[in-house]
Amino acid sequence: MKSCGVSLATAAAAAAAAAFGDEEKKMAAGKASGESEEASPSLTAEEREALGGLDSRLFGFVRFHEDGARMKALLGKAVRCYESLILKAEGKVESDFFCQLGHFNLLLEDYPKALSAYQRYYSLQSDYWKNAAFLYGLGLVYFHYNAFQWAIKAFQEVLYVDPSFCRAKEIHLRLGLMFKVNTDYESSLKHFQLALVDCNPCTLSNAEIQFHIAHLYETQRKYHSAKEAYEQLLQTENLSAQVKATILQQLGWMHHTVDLLGDKATKESYAIQYLQKSLEADPNSGQSWYFLGRCYSSIGKVQDAFISYRQSIDKSEASADTWCSIGVLYQQQNQPMDALQAYICAVQLDHGHAAAWMDLGTLYESCNQPQDAIKCYLNATRSKNCSNTSGLAARIKYLQAQLCNLPQGSLQNKTKLLPSIEEAWSLPIPAELTSRQGAMNTAQQNTSDNWSGGNAPPPVEQQTHSWCLTPQKLQHLEQLRANRNNLNPAQKLMLEQLESQFVLMQQHQMRQTGVAQVRPTGILNGPTVDSSLPTNSVSGQQPQLPLTRMPSVSQPGVHTACPRQTLANGPFSAGHVPCSTSRTLGSTDTVLIGNNHVTGSGSNGNVPYLQRNAPTLPHNRTNLTSSTEEPWKNQLSNSTQGLHKGPSSHLAGPNGERPLSSTGPSQHLQAAGSGIQNQNGHPTLPSNSVTQGAALNHLSSHTATSGGQQGITLTKESKPSGNTLTVPETSRQTGETPNSTASVEGLPNHVHQVMADAVCSPSHGDSKSPGLLSSDNPQLSALLMGKANNNVGPGTCDKVNNIHPTVHTKTDNSVASSPSSAISTATPSPKSTEQTTTNSVTSLNSPHSGLHTINGEGMEESQSPIKTDLLLVSHRPSPQIIPSMSVSIYPSSAEVLKACRNLGKNGLSNSSILLDKCPPPRPPSSPYPPLPKDKLNPPTPSIYLENKRDAFFPPLHQFCTNPNNPVTVIRGLAGALKLDLGLFSTKTLVEANNEHMVEVRTQLLQPADENWDPTGTKKIWHCESNRSHTTIAKYAQYQASSFQESLREENEKRSHHKDHSDSESTSSDNSGKRRKGPFKTIKFGTNIDLSDDKKWKLQLHELTKLPAFVRVVSAGNLLSHVGHTILGMNTVQLYMKVPGSRTPGHQENNNFCSVNINIGPGDCEWFVVPEGYWGVLNDFCEKNNLNFLMGSWWPNLEDLYEANVPVYRFIQRPGDLVWINAGTVHWVQAIGWCNNIAWNVGPLTACQYKLAVERYEWNKLQNVKSIVPMVHLSWNMARNIKVSDPKLFEMIKYCLLRTLKQCQTLREALIAAGKEIIWHGRTKEEPAHYCSICEVEVFDLLFVTNESNSRKTYIVHCQDCARKTSGNLENFVVLEQYKMEDLMQVYDQFTLAPPLPSASS
């Protein structure tokens, strides 16, 4: 297949050939000297050529079962050959070896080996980020393991370094799925839409992507939009049967569960019709049968419901929901014994099924067995998905009180209608289910997971584990338990054995029956099933319905995880979606990561990566063992059990072939409960369990336990001993010593350190399961992970990055290949395992910063790799003829264009306005050293003005713009300048423009320093803020009535002589206690546009009295040079507030400064965090599944205190002006009734420009539109402003150089391709242009669709999006807005101005 993306470098291939020849000579010399060596595998020239084009971009497109056996064999041979040579070279080979090894293992779906090889490549290659194929492969591996946080980062970086990457559609698809699981629905929709417009091949069809969009609407409870999207999709031609069945199933269940879709009778009628049609398309869907049963049950058709449930059990026995619903029907039919057995089957399959436990408790209570009822209710409350914990707690308390009042012994003497809960497990149906489940699980372990193409697995002889108890043994166990006090020693021994076997059996079932939480949807995701069961009573005249035994499911063709069907287009197939909300299984700790269940026994050892606060990609705590030991055993004993394929995992390849890795012991990553079956290595995709409030917080705490430790702790057994070095986490220093608790926090960059993952957890201290490499060769495993070396010395790694250039201070006990610096702004240069990085990072703005080397150039390698590129297969980026860095910023434009013709693409095709050589931007690390706790509540810089002269005093401007002052409060400004604030009062606004539009945010009234969930049970970061619209007149009415209501409440309090309690709008002293919910709802009027100088002439004129540096328009304001209106930035916006109105946490657009004046009459409370800590807040947002840039969040002050983040906190009174400096993070709450006005300002400083450009690049990485068009602004600045600051001048000149080069290069490419460029000059005040698809700024050359050009609507695309929608640009015209001569003139005339004379004081 045609390769794409990063081209193969001829020069690299030639060098590799020479290296290969040298290596052969060395081996020959070794043999001649008498060394005995085994014959190593070798590749022919033809094989090397065939392997040349294979890399991660073919993942999902190579089918080994379709004439692919030779390819698979070749890849296997290549892997063996590489491993052999690496072993002989003792790991000292070219870094590209490991990258290729990662690609080959990825294509073979050997994920542990692929990850290890990619990690090794990362550790050796300082500019790894230039290799898009590497980043893509790494992202696929993370995606496979549902490590979504890291997969998202890797995929975003691919698109950043290579926007035209040929697998961009695959990336957008996966990003859409991951953001959906993370409940970031806006981002999810954006990426699904980006995938749809891309015409490149993809493993999913467009119809399947459209299904995801429809399901996204359903997840958001936008049911009418979802219904419309589903119905529209049904009209698609050539729709596959599987997709059609899934859509109909969704529509059927939506009509059953959503009240908005009509009255009950109509809804149920439609629901049944849709489900019946779905079953016509896919008769084997157990889930559709289950839904149909629920519909029949709700309308009283009991017989039909039983038939449907029976069909569901036949198709997929392991469904706790189905068994629970059967129990409800039996209970309604007054058949308690049958109901009991059905409920027991449900909780057997899913120990955390709250609904089944509650129904079982109700059953026992109705049979007057309160002790058993209490046990069931307690189990229900322990479930994470219990929605009525308080009600159950009250019921338990009531029943316990009743028991206390009963005469002693009365319960023992009473005949029981039902067996006790302990005895119920050995009843015939549950016991048979237990036995079958154990047998099936055993069978699964011995069966290839061959589900591609809908093939069923071959019959496998049932084997029952020694611990799989038969019904007879279960009965014997209960008898022994009942007579525990009277047993002889032999019987006690037997009891102990049976109990231990019973525990093992339960744990195994819990691991294997994640399917209890799933239902097949045919595609990826489905609706969340309402776990509350039908409450309608069924007439008692219904005939008794015997509970017959269900057929065995061990027959061929039936799989525990329900049958799956392959989708038409490749690796994603029909999968399963959780019924009801995500559940945990009993005492076995389970975390839904994405939708895969990672089960463990109280240990974190079975998750690939763990972290607490890490914002970037993995980084292990590393223990380097002595090279004399067997490092592969010590290092990998425990850390990565979750990476292994285990029985019943859905990690098999397209034909069910398992990767070459060994199978771990009992713990494995299980992909049950997923929305898409894993074919071609893609992990199962997310389901919708969010609609019931159980959003899959997939890696928010990054622990494998539901209640276990929050990180990995070095136990006594796992503590490094002897010749070891423990590597401290470097990106998030909290002051602990290097050997302190090794919680994996900082996970910067892309990869875990491969040198060791030897952090044992208490439960698995002695485990010897294979780790990352799963290699049969321990020496090779050790080499691939990085050999242990004792010559690690201190060193520095000082680098420049395009975001926050930083310097690392020299520290001991550090390891070079740690990617920690990447999380900050520096680029790591991990050339070898002997090099060192650092423990701390300081911002360029700090007094300790310095710029030592650029991108690692000048770094010495302590390990010289032997040139042994055995395959002549190089996946390096194309050779860099002339680095952009070598082009001076001072030559003329003619020299620049001449140089640009030689530059080529420089290996990249990105449009970063920074240097080519800079890696993708990263959030900054928390400043180091951390502030002491007594410095975390600093005083707010405040200036009191007494008269007009004070306001215009030059040092005021300097004080506000000083980067060391994140915020300044200018008190008494309105009085000093005699501003008429009454012009902005509600009364005046109503009189001026009462029908003017107001955006309204509906919020919850809470204390300013707290943010609780709607129930008031826990503090959260998500801030409820739902958008709607109204008019100034209507909001004014609400504002006034709110004030009147408050007065009335205050008077009532006084009249009742109640003690005055703290107002809800002020801070509370009881911050740690539970708040009573629900909270009162309030409305906040925001973003009221005052840009129209005709409507708001008086108001805008009044603001011209302000000092020049805070005015809306001034020569020294960068935003005044944009040349067009940016609403709310270079125009005024008004805010109308009632107490409790919140402006959630944010930084200003593109990190510009902002001005805010309180009109009054009430106060506002402000919370401010310095710019250098935004990376920490970004981490918290990621941890809480919130989008830092676009989400609504309110920081938890306790979290910030623990993370050593300083918070400025102050009150803004009427007439006070708050200056928010560049990049400052802030959030605001109104204390009283007030109005505010605000706008942005861009001081003409290097700091402001630098931060604006950094955010421009970060926005590009995050697929967020930059409101300020920085390229357009930079050219306007060059035209309009004389710059005397050398730093600011150089940054602007760099931007001009970059864009001049890009315009020229693109121009020449279009002319060479025969594409006509049409002149379309800019008009006055014409806004800057953005791509209508990806929203990046488009400068000079606009790609406009033919249709929009003829209609003069001009729908603009960037070059990359244009090529994705039309490969040869035949559907586009190219419009040119600037003549190259004009740009050259601006560039040449922009020179450094002489410094201004210093102002006299």
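Residue positions begin at 1 at the first shown residue.
Placed from the backbone N, Cα and C atoms, the Cβ positions cover glycine too.
Annotation comment: Swiss-Prot describes 207-240 as repeat 'TPR 4'. Note: the repeat 'TPR 4' (207-240) comprises 25 helix, 0 strand, 9 coil (DSSP; helix = H, G, I, strand = E, B).
What Swiss-Prot records for 245-285 is repeat 'TPR 5'.
What Swiss-Prot lists as compositional bias 'Polar residues' is 439-453 (among others).
The compositional bias 'Polar residues' feature in Swiss-Prot is assigned to 596-606 (among others).
Taken from Swiss-Prot, the feature compositional bias 'Polar residues' covers 619-642 (among others).
According to Swiss-Prot, the feature compositional bias 'Polar residues' maps to 660-743 (among others).
Annotation comment: Swiss-Prot describes 814-833 as compositional bias 'Low complexity'.
Feature annotation from Swiss-Prot assigns compositional bias 'Polar residues' to 834-848 (among others).
If you look up Swiss-Prot, you'll see 918-931 marked as compositional bias 'Pro residues'. Secondary structure by DSSP for the compositional bias 'Pro residues' (918-931): 0 helix, 0 strand, 14 coil.
Annotated compositional bias 'Basic and acidic residues' per Swiss-Prot: 1046-1063, in sequence order.
Cβ contacts within 10 Å of His1226 (Fe cation binding site), excluding its own Cβ and spanning all protein chains shown: 22. Summarising the annotation, Swiss-Prot assigns Fe cation binding site to His1146, Glu1148, His1226.
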An 8 Å radius from the center of the His1146, Glu1148, His1226 Cβ atoms defines the neighbourhood of the Fe cation site; name the other residues of that chain inside it, in order. Thr1143, Gly1145, Gln1147, Ser1154, Ile1220, Thr1224, Val1225, Trp1227
For the repeat 'TPR 5' (245-285), jot down how many residues DSSP puts in helix, in strand and in coil. 34 helix, 0 strand, 7 coil
In all the protein chains shown, the tally of other Cβ atoms within 10 Å of the Cβ of Glu1148 (Fe cation binding site) is 26
Sequence gap of 6 or more, C-beta under 8 Å: which same-chain residues meet both conditions with respect to His1146 (Fe cation binding site)? Val1225, His1226, Trp1227
Reading the DSSP string in three states, the entry for His1226 (Fe cation binding site) is strand
